[in-house]
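TrEMBL has this to say about the protein:
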- Phe104, Gly105, Lys106, Tyr124, Ser125, Phe126, Asp176: substrate binding site (BINDING)
- 154-259: domain 'Fe2OG dioxygenase' (DOMAIN)
- Asn161, Tyr163, His173, His238, Arg250, Thr254, Arg256: 2-oxoglutarate binding site (BINDING)
Amino acid sequence: VGTYLDTGARMSKRAAVSVRKNRVEMEALPHQCTKEMCEDIIKDTDEDAEEEFPQPIPWQKIEAEGLDCDYSLLFSKVEADRIFYQLEDEVEYFTGDEAKVQVFGKLHSVPRQQATYGDEGLMYSFSGVHLLARPWTPTLEYVRDAVTNVTGQTFNFVLINRYKDGLDHIGEHRDDERELDTTCPIASVSFGAARDFIFRHSDVRGGQKKRKIKPVKLELAHGSLLLMNPPTNTYWYHSLPVRKKVKIPRINLTFRRIVQGHKSTIKRE
């Protein structure tokens, strides 16, 4: 759990224990919590004293040629559980044609649920579909502000991907759109099932592999934060592959800073 294969980096003992505990206890999460379940859980956790993750959080550096990432557990188990259920209650995912992509002139469903939130007027566009960001929810603002607190970076947009189980996935892509502020990292926050996250260098993709560069494989834990710093998305593709043994959902929030006046043109398979 939490192993960075290419770099040989290891979590601190405390962080590793937290990740294993999170993974086991999250097995009890339902595929979709009802509103009543969410309200009961939120009420129970609110009655307890808030658990603050110690500051500064213990970062783990992940590096390779052209790859620069930082990883840590941002939220405690109790708080991550609460946020998961609040997101299940608050987030409205796209349906119908908005939940599809256009490939060679035909619409196809994506193998996950998606939603976009952010500052007023920001647009999310991909594969012929144009989606206006919905206003921030209280929980999304809370997570966004927590990320800002530990990174010093500000974000005005978030893409949400919900994977109902291990069959839902996302193909290889780079977050390198021209509308994104190139000085700002992409902040990926995960809740729910721990899933493999794989980086692959652009020089080893396609039929003609130019170089021998090993992929970098991570496992993103419940309540974790992965910062993809520049120039990572210039040289490395990333994906969340199918994992048939995973039976519970995962919600991923990727916070970005879009340059005002532009609209996002992110392409995803």
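The count begins at 1 with the first shown residue.
Cβ atoms are placed via backbone N, Cα and C, with glycine included.
All annotation found in TrEMBL is predicted automatically rather than curated by experts.
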Would you count the other CB atoms within 10 A of the CB of Asn161 (2-oxoglutarate binding site), including those on all shown protein chains?
22
Pop the Cα-Cα gap between Asp176 (substrate binding site) and Asn161 (2-oxoglutarate binding site) into the table, whole Å please.
18
Local confidence of the prediction over the domain 'Fe2OG dioxygenase' (154-259), expressed as mean pLDDT:
93
Need one number for the 2-oxoglutarate-binding residues Asn161, Tyr163, His173, His238, Arg250, Thr254, Arg256: the maximum pairwise CA distance in Å, whole number please.
20
Compare the Cα of Tyr163 (2-oxoglutarate binding site) against each of the binding-site residues Lys106, Tyr124, Asp176 and report the nearest.
Tyr124
Report the DSSP secondary-structure composition of the domain 'Fe2OG dioxygenase' (154-259) as helix, strand and coil residue counts.
7 helix, 50 strand, 49 coil
